[in-house]
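Notes for the one structure printed next.
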Amino acid sequence: MIKVGIVGGTGYTGVELLRLLAAHPQVEVTAITSRSEAGTPVAKMFPSLRGRYDIAFTDPAKSPLSGCDVVFFATPNGVAMSQARALLEGGARIVDFSADFRMKDRATWEKWYKVTHASPELFEQAVYGLPEINRERIRKARLVANPGCYATAIQLALLPLVESEFVDHAHLIADGKSGVSGAGRKMELGIMYAEATDNFKAYAVHGHRHHPEILESLQSLEGASGRKLGLTFVPHLTPMVRGILATVYARITRETDFQALFEKRFKGEPFVDVLPPGSEPETRWVRGTNHCRIAVHRPMDGDTLVVLAVEDNLVKGAAGQAIQNMNLMFGFPETQGIDQVALLP
Ligand SMILES: NC(=O)C1=CN([C@@H]2O[C@H](COP(=O)(O)OP(=O)(O)OC[C@H]3O[C@@H](n4cnc5c(N)ncnc54)[C@H](OP(=O)(O)O)[C@@H]3O)[C@@H](O)[C@H]2O)C=CC1
Ligand SMILES: CC(=O)N[C@@H](CCC(=O)OP(=O)(O)O)C(=O)O
């Protein structure tokens, strides 16, 4: 049994982490922080967790995390980078949901996040937490940077293509559609019910912060070395609560069996499911689960490959992937606590 601390337990990814950890047999959640709800019992704020958690939210300023084996930061950008060092020195391992440690090129990171990084040495040491590319490094890591939700779906859809030589790597296109929970649990005009429901829009078309994250990570793959990748990424907000559908387009330059390429790449991956030919995946096929389901298409037998990937932004895109990383870091079975089946309808 390991002791778990959560910073930011009242947000969407924090409460999703609590839901999933409630079913994990090898963890005890000993501290959950919130500045706004300090003192409130967890089960009072989230009655769905009644009978599962017998503790209250604690003010993070009261150092409730000492003695934890692992601390999850389910907090906005900027929090983990100023608190990680002390926790690591105290012996904890960290999984950060935010973007604080996701990249290696600090100048590019600072340009996108418009701050100077508070822990440059940890920025270098952190391991990017996408198990499908970094499993062995994650096992040994003390600090894991959980990828962004768009970044997870889009990279999984692109991995077999970027690692091989069958498409034009300079002109890849990724179209991302996200549910509103992707924006977090906060008051903001654009995500209010009357603004986001019965509506559909693109945003951050000029540039989204997951774009450099995706490019840097894919560029670092062994199979991609030396080749310059070009990606156009356009995110969209859809009137659903959870889920991401990523549609990726690539121009075919050499013939191969693309279905077989994807099946081979993800064979044995517990959370990536390459669907049978002709499938058109729906976000509800993965809702509440840690799966990313992928379909490979070649419309009209033409020269453009279309890859569809669905994930739950709060699970494989955040809390579930964080637990997958924790399982790897602590030598637990990789699927422990995160082998749920989606709820239909
Ligand atoms: N939503 C999603 O689908 C995804 C989110 N992420 C990332 O995960 C992180 C959390 O996202 P999400 O759950 O949506 O965010 P929310 O806005 O829903 O929740 C943020 C949480 O952090 C706490 N918090 C805020 N500021 C601070 C602070 N300065 N110090 C300590 N705690 C703080 C809040 O509680 P309180 O204010 O009471 O302290 C709250 O519990 C973000 O970095 C986000 O980018 C990553 C992938 C997907
Ligand atoms: C719908 C929506 O608003 N989604 C968020 C992405 C959430 C996420 O994963 O972003 P981080 O990099 O901050 O962790 C966005 O586009 O900003």
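Positions of Cβ are set from backbone N, Cα and C atoms, glycine also.
As recorded in TrEMBL, the features of this protein are as follows:
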type: DOMAIN; residues: 3-141; note: domain 'Semialdehyde dehydrogenase NAD-binding'
type: ACT_SITE; residues: C149; note: active site
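When the domain 'Semialdehyde dehydrogenase NAD-binding' (3-141) is classified with DSSP, helix, strand and coil residues number 54 helix, 25 strand, 60 coil. Within 10 Å of the C-beta of C149 (active site) there are 29 other C-beta atoms, taking all protein chains into account.
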